[in-house]
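Following: one structure in structure tokens, then a few remarks.
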Amino acid sequence: MTDPLPSTPAYAPHAPAVARTSAALAARPDLVVCHECDAVHERIELARGTIARCQRCNALLGRGHVIGTEKLLAFAVASLLLILIGNSAPIVTLDFQGVVSQATLPQAIEATWAAGQPFVAVLTAATALVFPLVFTILRLYLLGSLVRGIVPRGFVPAMHMLVFVTRWGMPEVFMLGTLVAVVRCASLTSATPGIGLFAYGAVTLLITAITAAGTHTLWKRSGEIGGMA
Amino acid sequence: MSDAAVHTGSQMKLYGCPTCGRVSQLLRPPAGDAPLLCPRCATPLHHRRPRSLQRTWAYLIAASILYIPANLLPIMSTSNVFEGETLHTILGGIEELRHGGDWMLALIVFIASIAVPLLKIGALLVLAITAQRRSRWKQVERAQLYRMIEAVGHWSMLDVFVVVLLVGTIRFGALGGVMPEPGLLAFGAVVVLTMLAAGSFDPRLIWPEEEDKDRPS
Ligand SMILES: [Zn+2]
Ligand SMILES: [Zn+2]
């Protein structure tokens, strides 16, 4: 976004898209409204790797995409496999004078529930396991259809859900938590990081890369396929 | 940049959709008090989110109250045949890491568990009070502050994950075990409540308009 608008543009002459309300709302694909300060900017094409910031409040308004759609789809496939491995393999293995103890993430959640902390168990299950998993499945579902030129069934509710699980999923925090837990265990007894820890590390990188790509491309692609602005 | 050079959505009857980013221009207002919905994704459109400040205050007050038991109550207990049961608070856990020589990790846990929640509560107080007064003081810095608390907020969940993992892993029966304690519940609730408070705050309130119809209340 180079400059804010020099003057108030004339109202769009073409027919507005009317949906669900009696109000007439015309699409203005030529404009961007900053979601953090309401400043209006002209939309510009962004070169690969460049970002656009709001002229008034400096909020991130858009990115020129570095990672292509096919690659993002491959990332999502890898992420799904690694989440499955990360949840079935132990995160850390302890050896206390010959007695071995190890736990996967679902086992740790279950133990917390059984220890009388169901709220903490559910909170951990949701933010460390379920939301990253749903995020990955939604991305697979949406991208998988869009690259084949199909707008998937339930596209809009799926996009709303994607926004929610992106905000509340915390794989990167969980990743750091596993490292702290391994160090704290190691101060008591001999601790070995498990496959689960490495798998989660990779999941964190993949989800971060997918999240950075944003959702704009998905909306744009579905609009092009569906033939609406 | 001076504020006069900026055209805003409210001045131009333009609505940016918070979910899909579509920009809609209002040509004819809805009949009666029907809500304005994004034609592409049906998200309600507002120039300022309704009741944003009330919600922020409610979550913020709840978070501040729970912050006290979160730090005073033990978040976990360890037990073994030699020492019996020991209770650990968040600060105690950081002390243990520091004594064990893990300076780096002690610092990380201190930042995530103590500094970030305090910073968030303080920053949200500043944002809510200045927005309520429709202040034009340091607007760009306040916008930056808002983005910062949105970016770091979820890192406080770190200690919750650590305790859950220790509870799941350290299970040697009579030889030793770890149990979660009520402080962990309060701490998890503080993290969720501060995230809800930051999510309820409409950053556009940092930029009040001269003839603002949707006055923050
Ligand atoms: Zn802005
Ligand atoms: Zn929308």
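Each position is counted from 1, following the chain as shown.
Note: Cβ is positioned from N, Cα and C throughout, glycine not excepted.
The annotation transmembrane segment is assigned in TrEMBL to B:57-76 (among others).
Counting only same-chain residues 6+ beyond the ends of the transmembrane segment (B:103-131), those with a CB under 8 A from a CB of the stretch are 53, 56-57, 60, 63-64, 67, 70-71, 90-91, 93-95, 97, 137, 142, 145-146, 148-149, 152-153, 155-156, 158-159, 162, 187, 190-191, 194, 197-198, 201, 205-206, 208, 216. Taken from TrEMBL, the feature transmembrane segment covers B:103-131 (among others).
Residues 75-76, 78, 80, 90, 93, 108-109, 111-113, 116-117, 119-120, 178-180, 184, 187-188, 190-191, 194-195, 198 of the same chain sit 6 or more residues outside the transmembrane segment (B:152-172) yet have a Cβ under 8 Å from a Cβ within it. Per TrEMBL, transmembrane segment is recorded for B:152-172 (among others).
Same-chain neighbours of the transmembrane segment (B:184-207): 3, 8, 47-49, 52-53, 55-56, 59-60, 62-63, 66-67, 69-71, 73, 75-76, 90, 113, 117, 120-121, 124, 127-128, 130-131, 139, 142-143, 146, 149-150, 153-154, 156-157, 159-160, 163, 216, counting only residues six or more beyond its ends whose CB sits under 8 Å from a CB of the stretch. TrEMBL lists B:184-207 (among others) with the feature transmembrane segment.
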